[in-house]
Amino acid sequence: ATLRLSGAVLGSGAFGKVVEATAYGLGTEDKATRVAVKMLKPRAHSEERDALMSEMKILSHLGYHDNIVNLLGACTQGGPMLMITEYCSHGDLLNFLRAHAQDFMVSMMSVEEDDACYKNIAVQPPRLRSDSGISCWSDYQEVKPALSPGHTDPGQLIDTLSVFDLMRFSYQVAEGLDFLSSRNCIHRDVAARNVLLTDRHVAKICDFGLARDIRNDDSYIVQGNALLPVKWMAPESIFECVYTVQSDVWSYGVLLWEIFSLGKSPYPNVVVDTNFYKMIKDGRHMEQPEFAPDEMYHLMTLCWSLEPTNRPTFKMIGQLISRLLPSTNDMLQHPNDQVMYKNIDECREDEEVRGASLKRREEERDHRDDAEEMKLKNIYQLS
């Protein structure tokens, strides 16, 4: 296989960058594939090299899923280390939401009061807060407008997003995180900046630089000092340095808040100080985002339960959101588009009923996984 770099930089940091490229011969056919290539800069240290290798190993171990940015290939010998992944033309979700916020709010203002799709949404006069455009690091920047809801033709562009688009993004991220948890992996940095969008409006989780395999651990204890995304972190992660799938659920609740506020910064105008930490310990939540249906805000508060075991699983979250999406959604099959929110207790019962069969399937899969070596032997070596 061969790789041709276009020179277009999609994102850049202190020690690495992501560039657009065209790969030939990735699959069975010798056709061109648009890809993203992550590489280290010359001044990168051994720690950054190890981190990139770790990310490649994690993605290789995970395997394919529609809602993660999948690994397509790698080059680890005979030159600079390269990680080749799927290309997501719309960039990161955070900047995508901010870029479309004004059009979204104008569209919401035009919705008639009796429209059933928006009965639970408090529409307020459009306004952009001063904190809605804060700078952030991202692997991607916005490339072009998104597709219209329900359309898959990359040539057709949209004028606005809908609330159901926001809910679909929420569902897709939950599906990706459920996949990670099924593979015994926690992400540790779930946020809108770490979700990318394809030209078909598919949300994909990216940036596994902080991810860890927890196959043999119930939790991951962080040692040493690091720059951590405190406003997205669960209390047990902040105060005890404990990371679990349940702490990812808390962060997902913050991501939901980002989505339904159209990319605002969480805990707006709140400085991370002793008062902030006290607020988190006391269980005080952010207020309902401007465009969040009541059901979605209730889901956020469930994700922010102080007791980790009281938070819903990602499988439950996917079930809850799926019941709010219309039956015409291409990704989901719903027998009745009038079915609304199903409470968390009922979802827990649903999950318990399927628990035995799921456990058997997971044990069979784990048995197969144990026979595999944790290395990049299944990844293309590109020259």
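The backbone N, Cα and C atoms fix where each Cβ goes, glycine too.
Copied from TrEMBL, the annotated features are:
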- Asp189: active site, proton acceptor (ACT_SITE)
- 11-18, Lys38, 86-92, Arg193: ATP binding site (BINDING)
- Asn194, Asp207: Mg(2+) binding site (BINDING)
- 4-325: domain 'Protein kinase' (DOMAIN)
- 354-376: region 'Disordered' (REGION)
Sequence-distant neighbours of Lys17 (ATP binding site) in its chain (C-beta under 8 A, six or more apart): Val9, Gly11, Lys38, Met39, Lys41
Integer Cα-Cα distance in angstrom, Asn194 (Mg(2+) binding site) to Asp92 (ATP binding site): 7
Entries of Ser89, Asp92, Asp189 which, being recorded positions, have CA atoms within 10 angstroms of Asp207 (Mg(2+) binding site): Asp189
Reduced DSSP assignment, Asn194 (Mg(2+) binding site): helix
Recorded positions (Asp92, Asp189, Asp207), the one with most neighbouring Cβ atoms at 10 Å: Asp92
Neighbour-count leader, CB within 10 A, binding-site residues: Ser89, Asn194: Asn194
For the domain 'Protein kinase' (4-325), mean pLDDT (0 to 100): 81
Packing count at Gly11 (ATP binding site) (other Cβ atoms within 10 Å of its Cβ): 18
